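Some notes on the structure that comes next.
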Amino acid sequence: MKEHIVDPKDTMVIECEAKGNPHPIFSWRRNGKYYNVARDPQASMRRRSGTLDIYAWNNPEQYEAEYQCIASNEYGSAYSNKIILRLYSKITPVWPREILEPVVISAGLPLVLSCDPPPGPPKPETYWMSSCKCLSRPVRQDRRVSMGVNGDLYFSNVLFNDSATDYCCNARFPYKNVIQQKMPVVVKVLTSEYESRTVAEAAPTWLSPTGSSSSILVLQGEELLLECIAAGVPTPHITWTKDGDALVVRSPMKVKNFNKMIQIPKATFDDAGEYSCSATNKIGYIEHTITVRVKAAPFWLEKPANLVLAPEENGHLVCRSDGVPRPTISWFIDGEPIETATPQPNRQVSGDTLTLRSVTAANNGVYQCNASNEYGYLLANAFVNVLHAIPRILGPRNELFKVIEGSNTFLDCRYFGSPVPELRWSKYGQGNLEGNRFKIHSNGTLEIKRIRVEDQGTYLCIVSNVAGRDESQVRVEVKEPTLIVTRPQSMKVIRGTDVRFECSVKADVTTPVTTTWMKGKKPIYTINIKNVIYLIEVLVGDEGNYTCVIKSELDQKSASARLMVMDRPEPPTNLELSDPYERSVRLSWVPGDSNHNPITDYLVQYDDDDWLPGKWRNLSLYPGNLNSVILHLTPFTYYEFRVIAINEIGMSRPSRPSKRFQSSGAPPDIIPKNLKGVGTWRNNMEISWEPLTYREWNGPHLKYLVWWKRKDSREDWRNATTKWLKYYIYDADTFTPYELKVQAVNDFGLGPESPVVIGYSGEDRPLTAPLNLRVSDIESTQVTVHWDPVTRNTIMGELKEYKVYYWRDSSQLRWLWVNRAMKSKAFPENDLEPSGVLTGLIPYSNYKMYIVVANNRYEGPASNNIHFSTPEGVPSAPGSFRIQQRHLDSIYVGWDMPPEPNGIITGYSLKYQTGTGEELQVEEFPPNVTSFSVRRYDRYTRYRFSVAARTRIGIGEWHTEESPHYTTEIYAQDQVDISTQGWFIGIMCAVALIVLILLIVCFIKRSRGGKYPVREKKDISLEPVDDKDQEGSFDYREEERGLQRGQPSMEAMMKRSDSDDSLVDYGEGGEIQFNEDGSFIGQYTGTRRDVRELDFGGGLELHSPMNTIYSLA
C-alpha cells in the first residue's frame, strides 16, 4: 500500500484520472467508508476529474487516512489502488533537552554513542559532528570510528585524542530541509602516563550485531544493508563470505564503511543466503553469520485484459501473479466481491481465471482482480462489453504502398465487428493469399516476405460476419534498394589533425535520396562536399562514431566509422587513502581514459596549507602502470592530494582532491635556528631562537628545551622548558660568556640538540670617558678628531663605537644668529691611536665638542668640552633674488645677503645676458650694493641673471633667474615702485602727522607728573647690563657711546622738553639711593635705561623732531 507524505501547510493533492464513454463520475472512500467531498468545506474535486484537493486549514490531522478513488458510469465502476495519506508535523521533531553526562572510559575500550533521532515521517538522515559548540566539523570516520546503520557512533577502541572534543548527533529532515542537533556529549578518556604511548591489546568482540548469528528479512526490490562492527586493539579487519565461499562483489552490490557494511540497492531472490562476517586482529578471531531471507509482495505475471464480445460468445479474464508467499486471488464486480454479487450461471471462477460462456448483456461490467499476500496487494480493472455490430474496416482506404525489393512488407487491415468477422486477402480480387511468402496475422495484417518486383499490384482485404461485410484495397509499388558503395573508414589521429570521411551511394533512379552525417545520434553541420565531410583540427570532443545516413522515402541505409583522437589523458578519479602511518600513507586511484595514448607517468601533488588552500606542490613522479603508491609525508600535517596523468602528448587536468588527511605525530626533526644569547640588563641574559614552522612541529604542544652553563666552567648544564621563543637567565655577572644550546620537544618526544653557541650576559654603563680629545687639520667644512682609547675593563661590555657630539656655538660674524642644534658622529674602534673626520661643518664658525665611549647598550660619561673655529669659506647663494620692471626701458635687479656668509663678504658678482645668446655681461659690486638696473632696448627682450657673493677665499654659489616676459605698457605700469606714487606719499604723511600729534600729547601729560602704576614697571631689571654678549651676537654699545659723545645736546633737549616737576634728574649722576618708596626708584630708573640703551642706528638724523620725540618716549 502506497504512502503519500505531504506538508499540511500546502494543499494536499491526491490524483485520480479515468476515461470512459460516457465520461465517468468520481467518488472517494476514506478508511473504507464513503467520503462526501461536497460537504467538506476544506476539500474539493477538480472538474471532469477525480483529483482530490485538501486544504486543511483547521485540524489537518483528521485527513490522515486510507483513500480509494472510484470511477463509475452506466456500464460499471473501476477502483483505484488504496493510498495512505501521512502528514509530517508542523513542528519539526526535536530531541529532548536533556543534559548528557560526560562519558568516562579507559583508553582501549570500545564505546558506542547512541543517536536515537526523532521519528519521521519520513525517517531523517543522521550524521555526527565534533566541536559542536564552536566551529563544528564532521567526525572523521575510519576503520576504528564509524557510524552504524541505526545512526549510532561506534568506536572499536578509544584513544586519548578522542577526548579532545565533544560529539553531537544531527538529524536532517528532508521535507522541511531542517537540521536538528542532539545535546553534545563529552568523552573523557582515562589514561596513565605509560598508557598515553601504548594501549593494552584486546581480542575482537562484536558491537553490532551481537552474538554469533542473526537473521534479516527483506522484500524484493527493497534496499538490503548488512553490517558488522567489531571492537578490539588493534582495530580488527572485517572480511565477508556468502554460503561458505568468498563474497563476489558484483554491481550493484557495494562494500562500504571500511568493509563493515554490504549495500544491495534492490534485493533479489539471488541475494538470499548466509552471509558471514569475520573480525581479525593479531590477538584473535571472531565470526558472525547473518541469514538473509527474501520475500516478495505480489507482482504481475499477466494482468486481465478488456473484453469486447458478441452475444453468445465465450470469454476469459486471466489474473496471474506471483509473490513469496504465493498471493491469494479475489474477484470483484464493480467493487463488490463476486461471492456476494448477483449470481450468473454462465460465469465461473477457477483460481486466477474467470470464464464467461454464451455471454449476454447481463455480463457487462467492470471486473476487478485483487492479488494479495501479507506484504502487499495488486488491483487491476478490466471491463466486459457485450454488443452486436456489422464488420467495419478501420483506418484509411485505397492506400498506395511503396516498398523496397527484398524487404518484408506489412499491409494493415484493422477491423471491428461482433461477432468477430472472418478476414480474407486477395490480389486483384482473385483467390486467397495464404502460404509460401504470404502470411495473414490475427489482427488482419498481410505480411509479404522478401517482396519481389512481380509482387507489385493491387491487394484487396475483405471482412464479413452474419451481420454483413466490408472491404478495402491497397496498391503496392516495388522499388530498387539503396546501396552504399564507398563506406567511411575508421581513423586514429592526434588532436589538431584534419580528418576526411567519404560515403558514396547507388539508389533507384525514381527515388530521390538525401545524405545526412551524424555523430552518435546527433546530426552534424560541417564542410560537406559530394557526401564527403571534413573535420578541421579535431579535438577530443570530436571523437566518436560518425555515420552517413542515406535516406529515401522508402528506406534508409547507414555506414559508420570510428574516429579516435589521441590527446592528453583524462584525470584520475576516486582517490582513496589507506594504511596511514606517522610518515607515510597509501594513495590509490582509478586511472582516467588514456585517450588512446598510453599513460607513462603519474605526478602526485599535495596541499598542506591550512590557511591558504589551493597552493599545490609536486610530491613524487610514479610509473604509469601504477595506481596505488606509498607517499612519504611530514608527521602531524594535514594533507590533500591530487594526481595528474602524463602521456606522450601532455599532462591531464588535475584530479579532484582526496579527502583531507592528517598524518600521525613524531618527535621534531628540525633544530631551532639562529640561537643567540644577549643581555638586556646588566645581570641577565636573553636566550632567543627562531621558531619552528607549524609544518616542522611533527606533533601537538610544541615546546623548547633550553640548556646553558658558564663557558670554561665545570658546572653542570642547566635547562628549562618553555613554549615561548625567549628565555631569561637572571643573577648573572656583567658581560659573562655562556655556552647555549636548544632543542624542540612535542608530545611524541625530543628533537635533536642544536650546536653549542656562545652568548653574553648584559652590559653595564662604561665607567670612564676617553681622554685627550683634540683636533687637527682644521678646514672650512671638516676637521680631524683624535682621542686616547679607554681600557677594555672599563667598557663593561663589548666596545661598539666612540661617539663625538658637536654643535655650532656661534659665528665669527658676531651679528649672525646660528642654530645650536647638537649633532653626533660615531667612529668604530680602529687602532691604538683612534681618530676620525667630522664633515659637513659650516665655515667661519665657533664649534664645541665632547666624546663618549659606547657598548651595545649604554654610552659612557662625557669627556671635557673643547673649542675650535673653522676658517673662512665661500658664501652660499644670495637670498631673495628680485627682478622687476619699474619703467618700460629698464629692469631692476635686487638681492639680499647670503643666509650663510661663511666669512666676511667682500663684494658681489652679477652676470647677465639676453635670451637670444648675446655676449655675457659681468658686473662687480662692493658689499654694500645689492641692486642693479639694466637698460632695455626692446620690450620683448628677456634676460637671464646670475648673482653670487665673494669672500677673500673665493666666489660662492650662483643664484640664477630669468626675467618675466614684459610685453605691454600696462604691465610695466603695474611694476612701478609704489613708493614713488603720489597717493602713497600723501597717505604716509597724514599717518606720520597723526602719530606725531599723539606722541606730543602723551609726552606733555607725562612731563606734567602723570602717575603710572609701579606694577607696570617692576619687571624691569635693575642690574647693570653685561657688556659681554652671552649669545655670541655682536655688541653695539661701543658705537652707542660714540654716538652719545657726538651728540652733546641730546640730554639738554630732554631737559628742555620736561616740565618743572619732572623727576628725570633723580636718575642722573652716580649710584641711585633706595628709599622707602620703591616705586619712584623703579619707575625713573627704568626711564633712564630706556634712553641709554636706545639704538639710534647709523642712518639717524638728529635734527628730525620725530626721532627726538621717539627717543624721549
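Glycine too: its Cβ is placed from the backbone N, Cα and C atoms.
Given the structure is predicted, the values throughout are model-derived calculations rather than measurements.
As a whole-number mean, the pLDDT of the domain 'Ig-like' (1-85) in this prediction is 88. Summarising the annotation, TrEMBL assigns domain 'Ig-like' to 1-85 (among others).
Among the features that TrEMBL reports, domain 'Ig-like' is placed at 96-186 (among others).
Annotated domain 'Ig-like' per TrEMBL: 204-293 (among others), in sequence order.
The annotation domain 'Ig-like' is assigned in TrEMBL to 298-385 (among others).
Under the heading domain 'Ig-like', TrEMBL lists 391-477 (among others).
The domain 'Ig-like' annotation in TrEMBL covers 481-560 (among others).
Taken from TrEMBL, the feature domain 'Fibronectin type-III' covers 571-669 (among others).
For 671-764 (among others), the entry in TrEMBL reads domain 'Fibronectin type-III'.
The domain 'Fibronectin type-III' annotation in TrEMBL covers 769-873 (among others).
For 877-970 (among others), the entry in TrEMBL reads domain 'Fibronectin type-III'.
Taken from TrEMBL, the feature transmembrane segment covers 983-1004.
The annotation compositional bias 'Basic and acidic residues' is assigned in TrEMBL to 1023-1043.
Annotation source TrEMBL lists region 'Disordered' at 1023-1053.
The domain 'Ig-like' (298-385): residue composition by secondary structure is 3 helix, 52 strand, 33 coil, according to DSSP.
Pairs of Cβ atoms less than 8 Å apart link the domain 'Ig-like' (96-186) most often to 204-293, out of 1-85, 204-293, 298-385, 481-560, 877-970. Across the domain 'Fibronectin type-III' (671-764), DSSP classifies residues as 3 helix, 40 strand, 51 coil. Between the domain 'Ig-like' (298-385) and the stretches 391-477, 481-560, 877-970, it is 391-477 that has the most C-beta pairs under 8 angstroms.
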